[in-house]
Every structure is written in structure tokens, then in C-alpha cells.
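> Below you will find the structure I want to go over with you.
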Amino acid sequence: MNLLTGRNMVERSSKFLFIVVGSVLFMLILYQYVAPGMMNFGSPHGYMLEDDADLFPTPDPHYVKKFYFPIRDLERTVDFEIKGDDVIVFLHIQKTGGTTFGRHLVQNVRLEVPCDCRPGQKKCTCYRPNRKETWLFSRFSTGWSCGLHADWTELTNCVPGVLNKKESRMKNQRKFYYITLLRDPVSRYLSEWRHVQRGATWKTSLHMCDGRTPTPEELPPCYEGTDWSGCTLQQFMDCPYNLANNRQVRMLADLSLVGCYNMSFIPEKKRAQVLLESAKKNLRDMAFFGLTEFQRKTQYLFERTFRLKFIRPFMQYNSTRAAGVDLDNDTIQRIEELNDLDMQLYDYARDLFQQRYMYKRQLERREQRLKNQPLFPFRRTSSSDSTFRDDAPESEGSRLPTEDYMNHIINRW
């Protein structure tokens, strides 16, 4: 009798244990089935991959690639050591939205030790967590230490020496990660014209190259007097020395290759070709670049490149001074001709940017699927993977003139 009673108790315990285990497994599978995207088992570097689904647009499955880029040009994840000697260097091209992005770098990055930005001061202190040395070289951290809107030629020759002087010691082990923003050339050109029309000059820019600044003969002014305020668009376009023409190519290229600002160094056609190819190479080799017209994708690529997370999402604002300019087709064509090198560079950069975004998103999703597959083989694909699309402001097919959005962002913050 006792033997039968013991056997019954064992059978009941086994059944109870089976029911409990089965219920737990069923609930886990059901949870994954009805609520995919709700569970996160700790993505690397603090990324909430599933939560990002609503923030970052899906790559266009119908996007047609224009250029071939090997994997080494698409993969842009760097081992940025903020506690080491690594430095991010921001090359700020005029009227590309760089003011907004620069503010993001000093005010909107989630850091162990945030940048110290005090009211009334133009610069923030961005120290490493473990010592009083800067990890960021930019307008809002170190100021215009290499000159106002210093270009690639100036920065690469100036930054190491400036940091050695600031930190009072020589360092040969620093890694410099150059970053920049590009913008649709016509929109950028119009924005610069409106800025100059209001009195901006940038005449304190050094334009240092091969150890010297350009002579007045090499770089004649477009106007007489203190500024060019009130100039018409026609006057702006008519000046052959206007640095607004092809500004993005000039600021990204190695000017030493073409004799700096000496136009007689090599023939004009050869000079243009060398500048364009140099700008493409330097852009391709940079740790990161973004496009003003694609704020969310720019945020995504920066975060994945440096494994740094922004606190608040980037906003896409398209109501700018450039947007309010009504132009006829002839004027637009003339601006495109004056900025032919920039048009070619932007076409190249936009394709590289989109391919990098697609590559990184696909890689991330593959990693997520592999991570979830062993645990939940019956998991249904998240509907968010196929339903969310590019947000309207990041339209692929139209020109979206965007520039400095800080007033909007400050109000929202």
C-alpha cells in the first residue's frame, strides 16, 4: 500500500513539474510571437536595436547603386577609445548644418562624463572620463584653433601640434578620426549667398597651405569694403574668385596636390580632376560623414561607427532661408555649373552614404536574427521590419534645402 502511494506521489510530482515547465516555455514562445521587438537581451554597447525600429528609416529595397564600393569602404565601426588617446576631429564646411551637428556632439551624446557647457560661453569643455584632455576637436570644444572653418589641408597639418601645445606634451600615439557633413550643392550655395547677403564674410579664415596663406593675387576678394552685404544672387554668381563655388570639394581635397591656390600650377581641367578625386578619397577614408538631408540616417551611422549614443533623436527641419528662394531653371542650371565638382562629389557621397546605411542595417538584423534563433525557433518576423518606411522629410528623390536648425532644436530640448 505504501509502495503504491509513493508511486502515485512521484507521478503527480512529475506531471506537475511537466505542466509548469511546459507553461513557461509556452508563455515565452507566445510572448515572442505576439510581441516581437519587446524583448531585448542586451545588445552591445547599450543599443536598443528593437527600440530603434521606430526611429531609423528602413533602407529602400529598390535603391539602385551607382558606384561599386568594397566592404572595407562600407564597414565603418571604429574602436574609439575615449579613455585613451583617440580624438574626433570635426571638419565643419559652411552651411551644411554643421552648427547643429556640432551642438549635438557637445550637448547630446550620452557620456560617462558629459561635456561641460555653461551659459554665455561659446565653447564647452569635453574632457575624457579619466583625465583632463579633450576627446573632441571642434568649434564648440576647442574653438577655431586651426582657423575659421579650417579645411582638410589645414586640419591634418595643424591638429596634432595644437593638441600637443594645449596638453603641454608630445603624443605620437593619438588616433584622429575625421568626420564631416555634406549638403546638396545648390541648397548649400543658396544658403551661403543669403548668409553673405546678411553680412557674413569669413575673411578671418586662414586658407593655410604648404606653410603659407594665399597672396591677394592668388585669392582676390569679390567685393570692396568691409563685407558684401546686399549682394544679389547674380553678383554672387558672377565673381570668378568666389570660394562658395565647389566649396565642399575644395575643403575636402588635399590642396597641396594642385599647388594650393596657385591656379597656374597645373592646367585648370587637370586641377579640377585632381581636386575631385582627392576629395572623394579623403571622404571615403574618413571615419564618418553625414548628409544634411538625412538626419536620422546620419545619427544612426554616427552611433554605430563610434559606439556612442545620442540622448535625443535628430530632427529633420526643411524650412530654411534657402528654401524660400524662388529660382527659374536657368538659374538653377547656372548654379549647378558653377558647382559641377560639388555636384559630382555629392552624387558619389550620397551613394556611399546610402550603401553604408543599407549594409549596416542588414548586418545588424542578421546579428539579431542569429541571436534570437537558438532561443525561439518559432518566432515570427516582426511586422516593424517590413512596415516602417523612410520618414517623409528624408525623401530619396527630391532636393531638401536644410541648414542650421539650432533654434528649433533648442526650443524642443
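Heads up, the Cβ atoms here are built off N, Cα and C, so glycines get one too.
Feature table excerpt (Swiss-Prot):
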type: TOPO_DOM; residues: 9-15; note: topological domain 'Cytoplasmic'
type: TOPO_DOM; residues: 37-413; note: topological domain 'Lumenal'
type: BINDING; residues: 92-100, Arg183, Ser191, 315-317, 321-322; note: 3'-phosphoadenylyl sulfate binding site
type: BINDING; residues: Lys122, Lys123, Arg139, Trp144, His149, His195, Trp202; note: substrate binding site
type: CARBOHYD; residues: Asn262; note: N-linked glycosylation site
type: CARBOHYD; residues: Asn318; note: N-linked glycosylation site
type: CARBOHYD; residues: Asn329; note: N-linked glycosylation site
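Please go over these features one by one and say how buried each is and what sits next to it.
Within 10 Å of the Cβ of Arg139 (substrate binding site) there are 21 other Cβ atoms, across all protein chains. Arg139 (substrate binding site) falls outside any helix or strand according to DSSP and counts as coil.
Using a 10 Å Cβ-Cβ cutoff, Asn262 (N-linked glycosylation site) registers 16 neighbours.
Residues within less than 8 Å, Cβ to Cβ, of Asn329 (N-linked glycosylation site) and separated from it by at least 6 positions along the same chain comprise none.
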> Which entry in the list of binding-site residues, Gln94, Thr96, Thr100, Ser191, Gln316, has its Cβ near the fewest other Cβ atoms, using 10 Å as the limit?
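Gln316, out of the binding-site residues Gln94, Thr96, Thr100, Ser191, Gln316, has the fewest neighbouring Cβ atoms within 10 Å.
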> According to DSSP, which of helix, strand or coil covers Thr100 (3'-phosphoadenylyl sulfate binding site)?
helix
> What's the most sparsely packed of the binding-site residues His92, Lys123, counting other C-beta atoms within 10 A?
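Per-residue Cβ counts within 10 Å for the binding-site residues His92, Lys123 bottom out at Lys123.
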> Please report how many Å separate the Cα atom of Asn262 (N-linked glycosylation site) from that of Trp202 (substrate binding site), as a whole number.
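Between the Cα atoms of Asn262 (N-linked glycosylation site) and Trp202 (substrate binding site), the distance comes to 20 Å.
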> How far apart, in Å, are the two Cα atoms that lie farthest from each other among Lys122, Lys123, Arg139, Trp144, His149, His195, Trp202, the residues recorded as binding substrate?
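The substrate-binding residues span at most 22 Å between Cα atoms.
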> Relative to the Cβ position of Trp202 (substrate binding site), how many further Cβ atoms are located within 10 Å?
13
> I'm trying to understand the geometry here, so how far is the Cα atom of Thr100 (3'-phosphoadenylyl sulfate binding site) from the Cα atom of Arg139 (substrate binding site), in Å to the nearest whole number?
11
